[in-house]
Amino acid sequence: MATKLIVGLGNPGPKYLWTRHNAGFMVLDRLAHAIGASVTRKSFSGVFGEGAWHGERLLLLKPQTYMNLSGRSVAEALRFHKLPLCDTIVIHDDLDIPFGRVKVKEGGGHGGHNGLRSLVQELGGAGFVRVRVGIGRPVHGDVVNYVLTNFSQDEMADLAHLLDGTLDLLESLLTAGLPKTMSLYNNKDLLAP
C-alpha cells in the first residue's frame, strides 16, 4: 500500500475556523470525515491522523504553526515517515482562482502565498502536488484582511459544494493520476448545476 502525506494549510484556533485562508483545513477535515479518520493527534507541530482510501495509506496533517511557518510541520512529518516530496499533496487557498473552482498542479512558485513560501523554503523544493482552492480576490481592500475574514453568507451557502467537489478531485488524483485529474478539474465550475 503506497503512502501519501496530505496537508491542509490554515491557521489554528476558532478565530480562523471559517476564514478563506483556512480552505485547506476545511478540505482536510472533509476528507478525514469521508474516510473515517480522526485528525487530532498532536504531532509534527500540528494535528495528525491516518486513514486509507482507494488502496492508499493517507497521512493527514494540519500544521498548527500558523500559515507562515507551515513548512516546519510538513518537513518534520516527511522526515519522520521517510517520504519523498513527490508523495505530498498540499491543499491551500488561492486568490487567483475564483470561488467555486479548484486547480491541481505539481511544482511551481509560491505566488505570494506565505504558507507555500514556507513549504518551499523548508522542504528545499516545490516538487509536491498542490490542490488550489479558489477563494477569489477582494473587489476592494487589502488582500491580507480578505484572506483572514470569514467566507461571505453567499459563499457559505455554496461551501459544501466546493468542499465536496474538492474531495472528488482528491479521489481522482489517487485513482486516475495527476494528468487525468488536471484535465477533468482545472477548468470545472464546481458550483454549476
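Any Cβ shown, glycine's included, is placed from N, Cα and C.
Swiss-Prot has this to say about the protein:
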- Asn11: site 'Discriminates between blocked and unblocked aminoacyl-tRNA' (SITE)
- Tyr16, Tyr66, Asn68, Asn114: tRNA binding site (BINDING)
- His21: active site, proton acceptor (ACT_SITE)
- Asp93: site 'Stabilizes the basic form of H active site to accept a proton' (SITE)
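Where Swiss-Prot records a feature, it is marked here on the structure.
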residue	record	Cβ contacts under 8 Å, 6 or more apart
Asn11	site 'Discriminates between blocked and unblocked aminoacyl-tRNA'	Thr19, His21, Asn22, Tyr66, Met67, Leu148
Tyr16	tRNA binding site	Gly10, Asn22, Leu148
Asn68	tRNA binding site	Asn114, Gly115, Arg117, Ser118
Asp93	site 'Stabilizes the basic form of H active site to accept a proton'	Leu9, Arg20, His21, Asn22, Ala23, Gly24, His113, Arg132, Val133, Ile135, Val147
Quick one: give me the count of other CB atoms within 10 A of the CB of Tyr66 (tRNA binding site).
16
Other than Tyr16, Tyr66, Asn68, Asn114, which residues of the same chain sit close to tRNA? List them in sequence order, counting a residue when its Cβ is within 8 Å of the Cβ centroid of the site.
Asn11, His21, Thr65, Met67, Leu69, Ser70, Gly115
Taking DSSP as the reference, which of helix, strand or coil describes Asp93 (site 'Stabilizes the basic form of H active site to accept a proton')?
strand
Site of maximum Cβ density within 10 Å, from recorded positions His21, Asn114:
His21
